[in-house]
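A quick write-up on the structure given underneath.
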Ligand SMILES: *[C@@H]1O[C@H](CO)[C@@H](O)[C@H](O)[C@H]1NC(C)=O
Ligand SMILES: *[C@@H]1O[C@H](CO)[C@@H](O)[C@H](O)[C@H]1NC(C)=O
Ligand SMILES: *[C@@H]1O[C@H](CO)[C@@H](O)[C@H](O)[C@H]1NC(C)=O
């Protein structure tokens, strides 16, 4: 069980593992469920033990208070004597001592008796996750919990920037528009990036991951296809293709709802008739090939193409009844006649049949050129029927006219140039080669290794090129000057995210072992280093000169932001680390681990020297989240079995057994997903892993939430009542793993796990001021709030 980390069965679109045997996944689900149960049982046991210990400690106090009870308020409280009521009683007693007027006091208590049940529940609220009660104690300044009204926040988010490009597992997905924009996609967003102005626009009508993209011959309309995905209850949604206007971002057609299965793998517009038709290959087992009327949005024809993987589809530019598909060991030539398809296989004859035909283009002379996994470009032509050997009635065939050796490894992409030339991109040699119209090599260059292989090429002006790479980068450059990255991203699941305490920068880390520093103002990657193990969490020291990164093996390292050097390094346990958090004054570092412990370090020399101070021992499951109190003395922590524990660090990392006493503590940050102040972020029937991360703004006005259903939510802070209203934001195509506000709350960053996408949101509206004015100082710890309710006579 990796709990909070592994619950996105929602969207496996990042891998094409659709063929996974159902039984195995069923078993995995069952195993997971059993493991979950074991974790729960363990934690219940630990909880019970803790309660027994608590009970033992409280027994003497209890006895004392029983006397108090019988003296003071016997008629009211003898009916129920739970621990909670005793605690409450002790408060009443304190208050009554203050009041010192027995007559008035009796009256008050009588009044209270009328609603004694109500009073008792008001001390704490129980929330249930998987049937397990989690008690939240109400801060003393909340007088009327029942009357609290939850509103959505006045703040809103606007998508400001999208970091990343999906080159890892998608093809032919980068085009250059006459507007000067590159168009590509990542997660559910199609990005229009102006390569000179360095501005972005976003097409955001897709409801799940975009998988393919093509440009209309008018160079304005764009078609983009998405995966099916599932809704919140796991019900499959329908995949579709959107045709939209790239100048206005208006959706013109939505095609294929109810027709396509699983997802849309490949799309192309016809050319001969000015783009009247769109052909589509879907992700079903049969890889249905369909042709659509673009203007009406109606289906023209449909056929099962093959059970093998299909990589590309396109119309013959001079004849729209002619369609070609290619994929695993095949290239098919289709003819569409009065709504009926006929298929002809390309015949390899004496040539070795390649494992994959990765791509194809039409040359200006009308030949079909394919690029394959053998590194060859094959030129295909039509041969007259071979009547001599095949007999009368034999039909014409498609055969290889010429084989041109192009790349070591696969030819991943082919791109025709205006003047008849051709570009090819290599999957292994990372080369881009320019060929003359008669396939003589003219120029070549190699893209730097860190960007991976050439995924796709877009011609900007015949000289300048855009290159999408398999390591999710978009490069810009020429054969003469080489290439620089204009878009970069992670290439594997990411969890670690931290914003700088005083500058507009943030740090991310992921399973790709990369640690990257980004600039939110300039929208760019400052630097990226590769570690030996992968990072899962990060935290800046309050001074901002160093950042610590927690790794998958229990190791953690502290990096100097300027030199990128490791200034300190340590290992705690041998399991993955989940939180790195400095105390507000930077004198301590708390390291939360999957080995159930929180390790505490003394920090000196502005974050350069670390000495072990202690260890918080008491959680019965892995640490998921933790926060420091504002005074830097206490920690609040959550674990994989939904525990909320409090620790007195100054007193030697002591577990505070009486959680009630921590109810008024103020927290320097709020990232714990379980807590009174954020109870409202949970949905009914949640399995407790639905919320991966949470972050309170520095203004303490709002809470951002990263959920397992690809959504980012914005709630008012505090939101202590169930089902609090929120604003919901789409864009991610995978479980959102983390959210973080920038130091000034001007932006929020969110990170999709498998979609490898970082979204930067502008925080709009809201105005200034403090949430405390709204809800009567929920987090304040003023003692005056201990006074009894005002007399209402
Ligand atoms: C790009 O910048 C130029 C010059 O500032 C401006 O005229 C143009 O409208 C901008 N284009 C876009 C798409 O932002
Ligand atoms: C952080 O501490 C270092 C080392 O003492 C110091 O050089 C640097 O100026 C400090 N940075 C800030 C932002 O205070
Ligand atoms: C760590 O910090 C605590 C509390 O500030 C202090 O008492 C202790 O001496 C420190 N230990 C070290 C080794 O610096």
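Placed from the backbone N, Cα and C atoms, the Cβ positions cover glycine too.
Feature annotation from TrEMBL assigns domain 'EML-like first beta-propeller' to 199-477. Sequence annotations record features per position, and here TrEMBL assigns repeat 'WD' to 487-521, 616-657. Under the heading domain 'EML-like second beta-propeller', TrEMBL lists 494-763. Per TrEMBL, the feature region 'Disordered' maps to 768-793. Per TrEMBL, the feature compositional bias 'Low complexity' maps to 777-793.
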Residues in the repeat 'WD' (616-657) grouped by DSSP into helix, strand and remaining coil: 0 helix, 21 strand, 21 coil
Counts by DSSP class (helix H/G/I, strand E/B, coil) across the repeat 'WD' (487-521): 0 helix, 19 strand, 16 coil
Confidence summary (mean pLDDT) of the repeat 'WD' (616-657): 96
